[in-house]
C-alpha cells in the first residue's frame, strides 16, 4: 500500500508539512525489546487535519512523540519543512518544538504555580522574549476567541476540563506553530466538553493550521481531512474524508465507522 | 509481610535509602562516640584519682614558712583526714637536657614554659603513678618524667636526663613516666619529676628554687571550698602561691579532654536535626508517591495501623541498622580518640556504664527517629480512599479545596507582571520557590545547620589561639611577659629588671604589676586574696562591666565578683598590711588564670608581695622570642616568654581539642551537605518529572531545565548559608558563651575572636561550592531526560 502525497489528478502544488521515513521505535527496557513502531512512512500536507487511529498499543502516541522529538526514534527520519528532526541536538530540537510545534495532551498538562493566562504566555514569551506586548495581545485574543478570558487569572484547579483543554489549545497556538499535535485531546472529557474542544480545533484548522491528532473517538476523527490507521506499529490504511462540513457530520461518521469496522476497530 | 515489604522497598529505592542510612548512621556514630569519649574521659580521670589520691585542697608556697603553725592548724581542724608538706625544687626548662645513649639524639626541654619541679614520692597520698598505675619509686640516679614531656619531646625509658645546676651537671636515667593527678592538665602551670630522696637532697642544695605544696585530704571532700576559706583566714599559714581545690583540679582535667566529647555531642545533635528533617521529607515524599498503593490497601480493608506498620518497619529497620553501624564505628573511633588521654590519666576500668553510655546514646537516637517517623506516618490515617485512588492525593476533599483556594489566591497576580525580557527559566524558578517554599525549606535549613556546625568550633579555636585572648587571662595585649616569682632577693631582682627594661630601646610600654596578698572579709573572717597592683591607666584589658581601677578602686575577676557578691560601684573592704581600706569596685573582667579568682588595684604594693609581672611591647621589627631568651639568660629567676607562646602553651590542650573538633566538624559538615543536597535534589527530580515533561514539551531544552534546578538549589544553598553565618555569629556566640560560662572557667561572656576571612568567607564559600557541585551533578541528569517518560510519570 502506498500513501499518496497528493491526488494524482489534481495539478495543484501541494506543500508537505511533515514527512517520516522508515520510522522505527523500540523499547529496550523489556526482555525481549518491544518494537512499537515498525517502519512508518507518512506525509502530512501543509494545512491538513490528519487523524491517527488504531487500537490501544498500536503505537499512535509513540508515533506522535517520535515525530515531535519528545521521544527519540530508534531508526528512520522525520522532516519538518527543511529540517531533519532526528539530526537535531536536544537544544535545537527544543527550539524547534517551541517555535514550530504546538501540543495538546489528553490530560491538560499545566504548571500549577501559574494561572491559566501565565501558562499560555509562558511558551510564547520564551519564543519571543522581546515582544511582550505583542505576545500578550495575541494571548488575550486567543483567550477571547476560545471563550475563556473570564477565567484567565484562575488557578488551573478552578476551571472545568473543557476550559482547561481550550486553554491547552490557546497555549499551543500562542507560538503560531507550523504543526499542532494533539494526543487524545478529548480522552478525559464528557460529550459536551468534547464538542467544545473539537469545535475549537476545527476552527484552528480552518485558519490554516496543520493538525496531527491521535484519537480513539471516531466522532472526533470524522472532523479530520484524512484518517490513517495503525496496527502493531505499521501504517496499514488511510481514508481521505475531505473537508468537514457541519451538514456532513453524520455521513462522515458512518463512512468512517464502516471503514474502521473493516479493520476490526 | 513487614520483612518482605521492607526488603523490597530498600532494594527499590536504593539511592535514597542509602543516603538516608548514611545520615542516620553518622548521627548514631557521633552520638555514641560522644557518649563513649565522655565516659572514658571521666572514667580515666576518676581511675587516676582513685589510685593517685590527689589532695582536696592544696596551697603552693615559695620561701620561708612556719611549720609549727601548720601543725597547729591540722590539730585544730578535725575535718582534715590527712595532710602533708611536699618539698619541691624547681629548675628552669633550659637547664634540663636529654640524650639517648648510643645515638646522637638529644635535646633540651627549653621549649616548655611551665615550672619543672623535682619531688620525691609521697607516702600518704598524692602519688605519682607509672605506666602500670603503680606508685613509682625511683632508685638513686633514676628519674620518672611527666607523661606530657614523654609525648612532647619523644622521650623513652633509658634516655638520660641532665640538669645543669650551680655545682655541675646532675645526670639521671629515665626509669619511666609518671601520671600526675594534679598537674596532668595543660592548664596547670607546673609539672613534677620524681627522683630518689638522696638525689632530691642534692638537687635542693645545688641551686634550684625550693617551693612547697601544703596538701590536705578532707573527711568530706565536698567541704573543700569552705576549708579553703578557713585556711586563708589563718594569717600564720604559708600562702604566697596558688591555692587549688580538688574540684578545680577535677574540672580542669575533665574539661581539657571532655571538650572533645562535648564537641562530638554538639556535632551529633546538629546532625540528628538534619537527619530528622530528612526522614520527614523522605517519608512525606514516599507517602505521596505511593498514595495509590495506600488507597488500595485501605480499600481492601487493611487497618491504618497495619499500613503505618509497613512503613514504620522499614524505617525502624533502617534506624536499627544505622545504630548498629554507628555504634560499631564509634567503638573504633572512641578508642583512637581516648588513647592519648589514657596515657595522661589512667586506663578507665570497664564498668556497666562503659556499655550503658553508648547504648543509651544509641537508644536515644533510635527512639527520637522512630518518634518522628510515627508522627509523620499519622498522615496515613487521614488519607481517603477515593482521594488516593482517583486523584492520587493524600489530602481529603476539604484539604484539597483549601489548598486549591490558597493556590488560586497566590496565582491571581501574573507571575510575569514585572517580567522585562530576562531569563525566563529563572523567573519560573523563583515562582516555584515562592509557591513551594515548604518543600524547599529543607535545603537552606541543612546549610544553616552546616554553617553553624562548621563555624562554632573554628571560632572557639581562633578565639583561644588569638593573641587577644590574653584579655581573657586578665592580662593586657603585649608582646612579652616576664614573671618574677617569689625568692629571697625578689626586690633586688625587681630593681635590676626595672633598670634593664627601662634602658632597653627594643621595648616600649613596659608595665610592672606586683602580686600582693591582701585580705578580704569572707564567711570565716579575713581571707587571703591575690591582687595585681600597678598602673592600669591606658589598660587594654577588656572589662565586662566598668573599667580599669584608679586610686581607691579595685577591679575583680568575674568569679571573685560572684564569690563576694559585689558588682561595679559597690564598696569592697580589704586589709593591707594590717589596716582596713574600703575601695570601690570599678570594674569586672574575665580571667581564667589562678582558678579565675583574681583582682586588680591601682598604685604601689604596700603589703606582702609574692612576685612581679611585667608586660612589654616590642618596637617594630623586634622579635619577642630573641628578647625573651635574652632576658631569660640575664634573669635566671624570671620566666620570660613571648605573649603568643604563653597563650598557646597554656591553652595547648584546649586548642588541640578545639582543632580536632573543628576539623571533624568541617569534614562532617561538607560530607553531610553534599549527601543531603544530592538526596534532596534527587527526590525533587523524581517529584518534578511531570513539570520537567511539560516544560520540555513546551520547548525548554534539557540544559535549560538543568539550569533551573541548579538555580533553585544554589539559591536555597546560598540563602541557608548566609542565614547560617548570621545565626553562628549571633546566637551561636551566645550559646557557646553560655556553655563556657557554665564550665566555671572564669569566662562569663565570651566574644568570639574569629578569623573573618576563614569563617565568614572561606567556609561559606566552601559549603556553597559543595552545594553547587552536588546540584550540578544531580541537575545534569535532566540533560539525558526523556520528555515522554516524564509526561507519563
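Note that Cβ sites are derived from N, Cα and C of the backbone, with glycine treated the same way.
All TrEMBL annotations are machine predictions without curation.
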Can you check which of B:630-656, B:657-683 TrEMBL lists as transmembrane segment? B:657-683
From B:206-229, B:230-253, B:350-373, the residue range that TrEMBL assigns the feature transmembrane segment: B:350-373
Please list the DSSP helix, strand and coil residue counts for the domain 'ABC3 transporter permease C-terminal' (B:265-374). 98 helix, 0 strand, 12 coil
Could you pull the average pLDDT for the domain 'ABC3 transporter permease C-terminal' (B:265-374)? 83
Just to be sure I understand, if DSSP states are collapsed into helix, strand and coil, how many residues of the domain 'ABC3 transporter permease C-terminal' (B:664-784) fall in each? 104 helix, 0 strand, 17 coil
